[in-house]
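Taken straight from TrEMBL:
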- CYS14-CYS44: disulfide bond (DISULFID)
- CYS24-CYS34: disulfide bond (DISULFID)
Amino acid sequence: MASGYGYGGGRSRCYPFWQEFHKCYALADKPEECVLQRDDYLECLHHSKEVIRTKAVQDEYLKQKEKRAKEAIASKKKADSASASNVPRLNVVEDKAKAVGDDKASA
């Protein structure tokens, strides 16, 4: 790793981050001054923050998907209850077939 060359012969993807961290560490009076560079280097190596963010996005997506499914079920139940109400039985809304049949009978 210290040479900067990876298994494929070229520079490794995290070598620039290592150089920044190493430069900071060499020039710093206290190691605590290089925490940001160290975090950048470790993030490049392990992608831990990226994994946490991806998991959070995926969890929120699944929550939203579940919420939409529940809303769809609720709206379907509401539509079913409205269609099964007493309106057709009270002859407020006539069947199209009956209305067409009545017109033919009166003509």
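Backbone N, Cα and C atoms are what each Cβ position is placed from, and that goes for glycine too.
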Cα distance (Å, whole number) from CYS34 (disulfide bond) to CYS44 (disulfide bond): 16
Neighbouring C-beta atoms (10 Å sphere around the C-beta of CYS44 (disulfide bond)): 17
Secondary-structure category, per DSSP, in which CYS34 (disulfide bond) falls: helix
Disulfide-bonded residues compared (CYS14, CYS24, CYS34) - the one with the fewest other Cβ atoms within 10 Å: CYS24
Distance [Cα-Cα, Å, rounded] between CYS34 (disulfide bond) and CYS14 (disulfide bond): 16
